Structure formats: structure tokens, C-alpha cells
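These come from TrEMBL:
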- 257-401: domain 'DUF6545' (DOMAIN)
- 6-23: transmembrane segment (TRANSMEM)
- 35-54: transmembrane segment (TRANSMEM)
- 106-127: transmembrane segment (TRANSMEM)
- 147-173: transmembrane segment (TRANSMEM)
- 185-206: transmembrane segment (TRANSMEM)
- 230-251: transmembrane segment (TRANSMEM)
Amino acid sequence: MIRDDVMALCTIVPLWAWCLWRVGYLRSARGQRELWTVLALLALGATLRLSHVERAVTRWSGITDISVLVKHLAVILSSVLLWRWVDSIAADGVRHRWWRRLTTAWPRTITAILAVAGAVATFPFARPSVVEADGDRNFVVAQSGDLAGTVYLAAYLGTMAVALTFSGALCMVAARAARRSGQRMFSACMYLMSLGCWTGVGYSLFRGSYLLYGLADIAYPMSAEAADDVASLVQVVAIGLILAGVSVRGWENVTRVVRRRRWLIALRSLWLELVSVLPAEAIARVLAEAPSPSRDRYSLRGLWERLDQRVLDINDSALEVLPWIAADLPSRALEAALAHGLEGGDAEAAAQALCLRTGRRGRADDEPRADSSPTSPLLTVGDDLDVNAAWLTRVAKYYHSPLMDALEARLAIRNLT
């Protein structure tokens, strides 16, 4: 396979994979459709780089290098549409910046019209691609030293540089605004997109420098082959960073799965400790499922359902042991945790763990029930699974810790005094 085709595939495969993955979300929001169009145009332009596709298009149309024109037009439109999409999500953050009026719809439209018209008008006067020894057709090298070809590529590279410059600046503004509002994942993705846009600007400047050297009839510091390799590598990096940035939903899904798997594993010991106080049918269900540590660690199938059931079992167990917990134990346990040096949520989690441990031991040892039990639920849980799992993980951390013995000893001393 031709070397340039290998570099092209490094962008074609992830671009089309992203487009196919996101096709199901096109009906959800207008912004998703715009973003999908941006990357679909990029994928089309990258596909037209393949030598076999380029030759097939030339044979079908009868026009030499027509695939180059279509590829460049696709990239121009993609860059301007990316500019528009980023502006729509960062509009509030740039409202008071001096360059805000340059990112509005009118400058974007004028830029796109002039770029497309200039490219179409000057393309017929550009030199045809040179055919290298390995069969690769190189259009950029053919325009070195040619005024018409340089003007044509200036319309393409200049538009891409302008659009990506503003896109990178807007992404940076959006990233900072997201970081201030606590949206860390979205902020990271916007930073990646910004870096990808600036890398794309670097690609345009690098290609432009090669053309300027040729127009001035000055030898370029590196060979044409090396310049092509560097440009292709920069292009792959730029597209990869932009893809990583726009895949915020995918990153969120991955981090959510990682967190839930960690919570499932962390809750295992507390769950097994408390499930014995549940009714017989619940115990039979747990025994029938026969959950193993390896399944918790390595299997992602039904992760949400398993975590939800585990949280539900722990919460039900807390209700089962409530009659063996004295009404004043939660407050005394919290005071003991605070006296031991814990603060805030850690003290509350340790207090709830101590109450669970006391109630579970009383239930298992068939001790007499407390004269009066707490009237409110023991555990601080709500309707959000992730919030509940995160909190119970904190409780589970203290449940099996040596701190419980220290808190029980502190409570025993207070009872004696």
C-alpha cells in the first residue's frame, strides 16, 4: 500500500467510526447534526486522499485532480461549520471580548463564500499533480513555484487557518467557563479540541511555508517527501485531538463505567455482610446468582443493574437492622466520630457505619431490640444511583476499618461515665 494511504487511513477509520457511532443521535439535537456534518465532511475529504479512490473519481469524472478540489472544498466547509458549532457553545463566554464580532454569522458566511469561489475559480489554472515513483499523486508539490497553484492553495489553507484559529480561541473560552462551573470533563474535552484546532493551524502554516519557499525559488529546509510526511503526521494529530474533544459523551460514558465498577467492587464486602439479615427470598436470590469477585472485577455486563441491586440490598438491610439500633445511637456515634478527628461527610459516614455494624450484630446475635429506634432512615440515600453508590462506598470504607473498634470503645467509656 502507498505510504500516503496509510497515513490517510489513520484519519479515515476513526472519522467514519465516529460518524457511524453518532448517527443514532442525529435526531436528538441540532448541535449534534452540525457536529456530525463537520466530521462527515472531514471523513469525506480524508477518503478522497486514498490513491485508489482518487483514480476512480478521475476515471468517472474525466477531470484530472477533481478529487483534490472536492477534498479541499469539503475541508473548507468543515472548518467553517466547526467554527460555527464552537461559537454556538461558547457565545456567552466571548460576549465581551473585542474579537466577538469577528466570530458572528456574517464574517463566517463571507469567509466561506470567498473561499469556495476563490478555490473553484483558481483550480483550473493550477498544475496537475505529479506522480511519484510509488504511484502516489502529489498535488501540493506540483504547485511549488507556481503562482496560480499557490493562490488556489492559499484560499484552502488560509480559510482553514482562519476558521481553526477562531475555533481554537472559542474552545479555550468554553473550556475555562466549563472549568469555573465545575464541568471538568467538558472542560477537558474543550481543551483537547482547542489543542487540535491550533495543531490544524500549524498544519496550514507549515504547508504555506513550503509554498512560499517555492514561490520565492528558495530551497526548502527539508525534502518534499519529508515535508509530506510531517504534514500528514500533523494532520493526523490535529484530527485525533478534535475527535477526542468532540467525544465528550463517550468519555463521560467510559468514566461512568469505571466509577460504577469501582463502586461495585468497594461495596461487595459490606453487601455480603448485611445481606444475611434480609428476608429468605432475598438471600435465596443472592445465593442463586452466586456473584464472584472476578465477575465484579472483570464483567461489565449488567453493571448498572448489579450496582443498583447492591445499593438496594444494603438500604433494605439498614431497614431490617433498625429495630436493634437505639434512637440516640446515630447522634452519639456522630459525636464520637467528630471527637475522633473526623469532619463533615467522613464523620457522618463513620457514624452510619457504626450504627449498621451495631444493628447487624444485634440482629445476628438475636439480642433484644432497642427500647426506641430511630424514626428516620439510617442511610443517607436518594434517587440518584451514582450519588447513593458513592456515599455507601464511603460508609463501606469505615465499616470494616479499625476505627469502628475505637468508636465503640469511646461510646462504651461515655456510657460508663
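Heads up, the Cβ atoms here are built off N, Cα and C, so glycines get one too.
Since this is a predicted model, take the numbers as computed values, not measurements.
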Please give the sequence-distant neighbours of the transmembrane segment (185-206): residues at least 6 beyond its ends with Cβ less than 8 Å from one of its Cβ atoms.
-> 79, 82, 86, 157-158, 160-161, 164-165, 167-169, 171-172, 174-176, 178-179, 227, 230-231, 234-235, 237-248, 251-252, 255
Please give the sequence-distant neighbours of the transmembrane segment (147-173): residues at least 6 beyond its ends with Cβ less than 8 Å from one of its Cβ atoms.
-> 72, 75-76, 79-80, 82-83, 86-87, 90, 93-94, 97, 99, 102-103, 108, 111-112, 114-115, 118-119, 122-123, 125-127, 140, 190-191, 193-195, 197-198, 200-201, 203-205, 207-208, 211-212, 214-215, 245
The domain 'DUF6545' (257-401): mean pLDDT?
-> 85
Using DSSP, how many residues of the domain 'DUF6545' (257-401) fall into helix, strand and coil, respectively?
-> 105 helix, 0 strand, 40 coil
